[in-house]
């Protein structure tokens with residue numbers, strides 16, 4: 001049975017639109033857990049556009065399942081992670097002008113810097129996942145870097161504009177997930193996953209966890225957080 005981790009970034013996006021105190025992503029995370037979510041994900045960006053330092057601090061105290069902190073591999077963020085001590089850190093690329101994370105980490109070009117970041121996080125007792133494109137080369141580098149997990153970027157699959165293209169991208173995800181598991185890495189998937197396309201991805205037995213945010217938060221606006229999470233859980237393990 002695959003696990004479902006809920007990203008609550010966009011609850012904070014609504015809050016920050018008015019620089020208000022609500023909706024609170026901490027409350028949303030608690031509701032997601034009550035509905036059966038296996039983990040909570042937040043991305044503390046360098047520009048603090050949605051999730052704030054306070055959110056991560058309070059979530060560390062309140063999350064009962066697993067807290068996964070997405071972040072860039074910068075000195076500032078690594079120190080924050082060492083102070084907060086989430087169960088897992090997912091290292092992601094970050095550009096200030098992007099609306100959301102646009103692609104996977106270039107682990108090939110930045111292997112040296114990532115090696116140092118991963119070593120530091122491991123010394124702090126934190127498991128590491130790398131958000132990477134579905135590329136066998138990147139899977140192999142992640143293994144060489146001794147990351148515990150990879151999160152396979154499913155954005156190209158989700159945004160495919162034809163059935164043929166979607167099938168091609170799906171096969172890339174399948175191949176990457178199989179290789180990750182063969183090498184002993186945990187295989188997660190995330191980005192662009194919704195209530196329709198998850199029906200494809202749930203058929204990949206090697207994927208152990210789905211990280212889903214925008215689709216669930218958008219659905220929650222209409223039907224409530226708990227129902228939105230329960231519906232996605234039913235699809236993930238249908």
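Cβ coordinates come from backbone N, Cα and C, glycine included.
Per Swiss-Prot, the candidate among 7, 237 that belongs to the 3-amino-2-oxopropyl phosphate site alongside 18, 192, 213, 214 is 7. Using a 10 Å Cα-Cα cut-off around residue 45 (1-deoxy-D-xylulose 5-phosphate binding site), the recorded positions 70, 151, 192 reduce to 70. The C-beta environment of residue 192 (3-amino-2-oxopropyl phosphate binding site), restricted to residues of the same chain at least 6 apart in sequence and closer than 8 Å, consists of 154, 155, 157, 158, 159.
According to its DSSP assignment, residue 50 (1-deoxy-D-xylulose 5-phosphate binding site) is coil.
Cα spacing between residue 18 (3-amino-2-oxopropyl phosphate binding site) and residue 151 (site 'Transition state stabilizer'): 32 Å, rounded to the nearest whole number.
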